[in-house]
Amino acid sequence: MIGVTVLGSTGSVGVSTLDVVARHPERFRAVALTAHRDSERMAEQCRRHRPQIAVMVDETAARHLRELLSDMPGRPEILSGVEGLEQVATMPETQYVMAAIVGAAGLPPTLAAARAGKRLLLANKESLVVAGALLMRAVEESGAELLPIDSEHNAIFQCLPPNFCEGLPSVGVERILLTASGGPLRDWPIERLASVTPEQACAHPTWAMGRKISVDSATMMNKGLEVIEACWLFGTDTDRIQVVVHPQSVIHSLVQYQDGSVLAQLGNPDMRTPIAHALGWPARLDAGVAPLDLFKVGQLNFEEPDLARFPCLGLAFKAARQGGTAPAILNAANEIAVAAFLDRRLDLPGIAAVVDATLEALPNEDVAGQDLAFLLDVDRRARERAEHLVRLRVI
């Protein structure tokens, strides 16, 4: 029996993970679940999956969870605070850790799981964006297994040869083709983007996601963060990565080889597929996903991304090329700007403007040999600067 800790169990990826785990009770057991403040959903998950430990980062939510589960026989131990996240990411009863906490908040427990030598199912792309060198070093030193959960990176992983760590050129790879749906605003007139509401930005045409990542999809910052993530996961640079807009979200990504061959991974847009792949790898598991019906799909379309419409994508490529602390600054500023947009304090084009201005305002520092405390300080300073820009509307 394999013990699984789900960091961020009440979010969309966490819910999908528990769905796959529940389909294979002979193989997996959810030993620990964590959430920020959604105590109602956490209570439901605890009653169904019966973990040993449940962590609520918010203390008030933890108290509420204790009340909700007061009549549950054998209820889980309920912890509160960020310390509990690292505890359940490293506990001996768990072998696999799903890192599905959104944003830089997921970095410390993700890094802790890597250092503890767990199989790390990485859905928290910010961990690699902010601390790629640190996380990859931890994986190498501990012998942890790092498997990508983002559908695009999981697709690339499936299309690459097993020895891709020797270097993409040496195994015959020409480039990675990272697909993007283009989000809900792909066909909007550019002059109307300033009037987009949070509800419109979150109405993704093919994927069911949380609000923050939905906005990132609308601006294509999500794809930009995935470019940076791909550089770390596959040991390459932006020169070997091309973003392709593919509205149907059926081809999840492609790998082009030097002999002209192109391998692609296709499937219905359902996160349970990459989750099941990572849980079962190298075996294949039933994910509960309907088979792809190519006759129903009918046609597949591809477009080049418009950087005038999606300036966040260009900013992410720029930060990836600069390296250093630039990706961490980009990520922190984006989190602040997206939160401001969702709170209706900033219009959609203002997100890119705040990110760009924050990158210009802060120095790009070398991260070689730096520790987590240094990176978290960079994150803090970037957030403060971005919040200042939002308040002053200096955009």
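Just so it is clear, glycine is given a Cβ too, placed from its N, Cα and C backbone atoms.
These figures come from a predicted structure and were not determined experimentally.
As annotated by TrEMBL, NADPH binding site applies to T10, G11, S12, V13, R37, N124, E126, G210. When secondary structure is read from DSSP and collapsed to three states, T10 (NADPH binding site) falls in the coil class.
N222 (1-deoxy-D-xylulose 5-phosphate binding site) carries a helical DSSP state (H, G or I). Note on N222 (1-deoxy-D-xylulose 5-phosphate binding site): other Cβ atoms within 10 Å of its Cβ, all shown chains, come to 25. For K125, S151, E152, S181, H204, S217, N222, K223, E226, the entry in TrEMBL reads 1-deoxy-D-xylulose 5-phosphate binding site.
Taking a C-beta cut-off of under 8 Å and a sequence gap of six or more, E226 (1-deoxy-D-xylulose 5-phosphate binding site) has these contacts in its own chain: K125, D150, E152, H153, L178. What TrEMBL lists as Mn(2+) binding site is D150, E152, E226.
Per TrEMBL, the feature domain '1-deoxy-D-xylulose 5-phosphate reductoisomerase N-terminal' maps to 4-132. Per-residue pLDDT, averaged along the domain '1-deoxy-D-xylulose 5-phosphate reductoisomerase N-terminal' (4-132), amounts to 97 for this model.
Annotated domain '1-deoxy-D-xylulose 5-phosphate reductoisomerase C-terminal' per TrEMBL: 146-234, in sequence order.
Sequence annotations record features per position, and here TrEMBL assigns domain 'DXP reductoisomerase C-terminal' to 266-384. For the domain 'DXP reductoisomerase C-terminal' (266-384), DSSP puts the residue distribution at 69 helix, 2 strand, 48 coil.
Shown are the binding-site residues T10, N124; the one with the most C-beta atoms within 10 angstroms of its own C-beta is N124. With respect to Cβ neighbours within 10 Å, the binding-site residues G11, G210 differ, and G210 shows the lowest count. Of the recorded residues, G210 (NADPH binding site) and H204 (1-deoxy-D-xylulose 5-phosphate binding site) place their C-alpha atoms 10 Å from one another. If you draw a 10 Å sphere around the CB of K125 (1-deoxy-D-xylulose 5-phosphate binding site), it holds 28 other CB atoms from the protein chains shown. Reported as a whole number, the C-alpha separation between R37 (NADPH binding site) and N222 (1-deoxy-D-xylulose 5-phosphate binding site) equals 24 Å.
Between the CA atoms of G11 (NADPH binding site) and N222 (1-deoxy-D-xylulose 5-phosphate binding site) there is a gap of 17 Å.
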